[in-house]
Amino acid sequence: MNHHLIITPIFHLQIMLPVATLKRPPPPAATCSIYSFSRGTPSLVSKARLSTAAVGGMKNEPSPNHYSDISSSDLNLTRRSGNYGPTMWDFEYIQSIHNDYTEKKYMNRLNKLKEEMKKMIMAEGSQELEKLELIDNLQRLGVSYHFKHEIMQILSSIKQHSTPADSLYATALKFRLFREYGFHISQEIFGGLSETHTEDTKGMLYLYEASFLATEGESELEKARNWTEKHLREYLENKNDDQNVAELVHHALELPLHWRMLRIEARWFINFYKKKQDMIPLLLELAILDFNIVQAAHIEDLKYVARWWKETCLAENLPFARDRLVENFFWTIGVNFLPQYGYFRRIETKVNALVTTIDDVYDVFGTMDELQCFTHAFQRWNIDELDNLPDNMKMCYFALDNFINEVAGDAFEEHRVPILSYLRNAWTDLCKAYLREAKWYFSKYIPTMEEYMDNAWISISAPVILVHAYFLVANPVNKEVLHYLENYHDIIRWSALILRLANDLGTSSEELKRGDVPKSIQCYMNEKKVSEEEARQHIRLLISETWKKLNEAHNVAAHPFPKMFVKCAMNLARMAQCMYQHGDGHGHGDLNSETTNHIMALLFESIPPA
């Protein structure tokens, strides 16, 4: 299906579909219902959620009395501007999209291909390496979720009967797949194998990819990553005959597979797989058809959240805030693309949209007095705190209050577990973290790295996102897990930290131009008296080290969370790497950005049949 871009005078992005597939139903009426709010039951749980440092400050931070002197009368009441551009995505166009892959005939064909593929996967006589390569292809093509039982059966059999491989490539592939699927495997499997295969480019590539599944203390994998990267870069600098291997090497050095957003990787690998000499036509047809069917499901989710967003009228009434509904939806595909989780994507898109809006209230709109009152309203969940606030800030409060009561009501109906207090606590923590950053801004205070990091992993909003995610994927909701959830288990903390650091690498320059509070790069520069490039290198190292911690948290068999929740936490970190790899992929709304290209490829451009 070919698509052509046309830019309208108001910078809306439109895609011209073939006339036969384009249907334009009248868009639904957008009625602002924001003041028709429900007042939820007050939380019965009251407890300190943030650390003492996050609430009261570190020893070098200005005292609360210092902040109390900052009043509206002391400030220039001219509101700041984030200088955000308008949304590129047209509401009527989104509602008009018709995707043929919703038709039953495509699902029937997919089911037939799946049955044929299962027979191929479980065929007798295949060698161990052939089975591992097939699993790898299934995974990178984005269709392994259809064959979870078969894959686990094969890997379990290999685990029980496997003999040491004499190939660096086979050993590295086995290591990566075992770790990805939760099987214990030691770094000792490589022994001295790696040092003797410097001419094996494919083996070095797969060892390089495997090294990113290391946990803390696995020094041999760290060494392997360093020397394989050196050899792979030298390989690209020299002329080579195998263009497929060169393309894989370039792709890996740009961003390792373990850090990549799954759906973008699937789209890229489908195009790569077409060119392989050993390509399996059945598997290629399955991957393309599955991609297009899943894309059709995502479009229906996007239509739903676009209607919701228009009905809130937040974009019209808060023009200072980023109107990034499609980008907010894109995040949810990265966290959980599976077609059966449409409710997850719809709710998490609302979370993302509200986070973005409230973040901009704190960053570019509110005065110190207003933000204090705004935060108190969220701490007490009491509308009386809103009396002296501008109407658009009241709208934010009502929109969020409506939303979390809706989510809590749905969860209680399904699980008979009251979750309102957990949702409220997570949002309160976020607003308190935003307020602390606002205090730093208004007092022109540059926090230490420790002060900044203590607050920033919460202000990046990952805890809010993942608290909601648990209630959206857990079935049943386990009351014993809620303690780990509300205290932000390491799985949440490390995912949040990667999101924060990746965000800082991609956005700090632009945010400083707007006058925002310093980010980790500037805090480190100020504290250590180093250059910006040295600070950026330090942040990249922190990201790498945090991935090791997240890998460890993922691998610990004793963690209390369902596998799907852990995958969501891992995928949120991957999505951060994707969104901020080439700058601010969330806030800019740039037509030519990588984010726009990714959104086009995942949502609006079907893959033609092979």
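Every residue gets a Cβ built from N, Cα and C, even glycine.
The feature transit peptide is assigned by Swiss-Prot to 1-51, with sequence analysis given as support.
For Asn503 ((2E)-geranyl diphosphate binding site), the same-chain residues that are 6 or more apart in sequence and have a Cβ closer than 8 Å to its Cβ are Ile460, Ala576, Tyr580. Positions annotated as (2E)-geranyl diphosphate binding site by Swiss-Prot: Arg322, Asp359, Asp363, Arg500, Asn503.
Within the same chain, the residues at least 6 positions away from Asp359 ((2E)-geranyl diphosphate binding site) whose Cβ sits under 8 Å from its Cβ are Tyr434, Ser461, listed in sequence order. The DSSP secondary structure for Asp359 ((2E)-geranyl diphosphate binding site) is helix. According to Swiss-Prot, the Mg(2+) 1 binding site annotation covers Asp359, Asp363.
Per Swiss-Prot, the feature Mg(2+) 2 binding site maps to Asp359, Asp363. Cβ contacts within 10 Å of Asp363 ((2E)-geranyl diphosphate binding site), excluding its own Cβ and spanning all protein chains shown: 22.
The motif 'DDXXD motif' annotation in Swiss-Prot covers 359-363 and rests on a curator's inference. Beyond its flanks by at least six residues, the motif 'DDXXD motif' (359-363) meets 80, 82, 84, 318, 320-322, 371, 374, 393, 396, 431, 434-435, 437-438, 461, 514, 516 of its own chain at Cβ-Cβ distances under 8 Å.
The Mg(2+) 3 binding site annotation in Swiss-Prot covers Asn503, Thr507, Glu511 and is backed by similarity to another entry. Around Thr507 (Mg(2+) 3 binding site), a 10 Å sphere centred on its CB holds 20 further CB atoms from the protein chains shown.
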Output, ordered by sequence, the same-chain residues six or more apart from Arg500 ((2E)-geranyl diphosphate binding site) with a CB under 8 Å from its CB, or 'none'.
Met453, Ala456, Trp457, Ser459, Ile460, Ala462, Ser520
Can you work out the mean pLDDT of the predicted model over the motif 'DDXXD motif' (359-363)?
95
Once the DSSP letters are reduced so that anything not helix or strand counts as coil, what is Arg322 ((2E)-geranyl diphosphate binding site)?
coil
Please work out the number of neighbouring Cβ atoms within 10 Å of the Cβ of Arg322 ((2E)-geranyl diphosphate binding site), leaving out its own Cβ.
25
Can you tell me how far the Cα of Arg322 ((2E)-geranyl diphosphate binding site) sits from the Cα of Thr507 (Mg(2+) 3 binding site), in Å?
14
Assigned element (helix, strand, coil) containing Arg500 ((2E)-geranyl diphosphate binding site), judged by DSSP:
helix
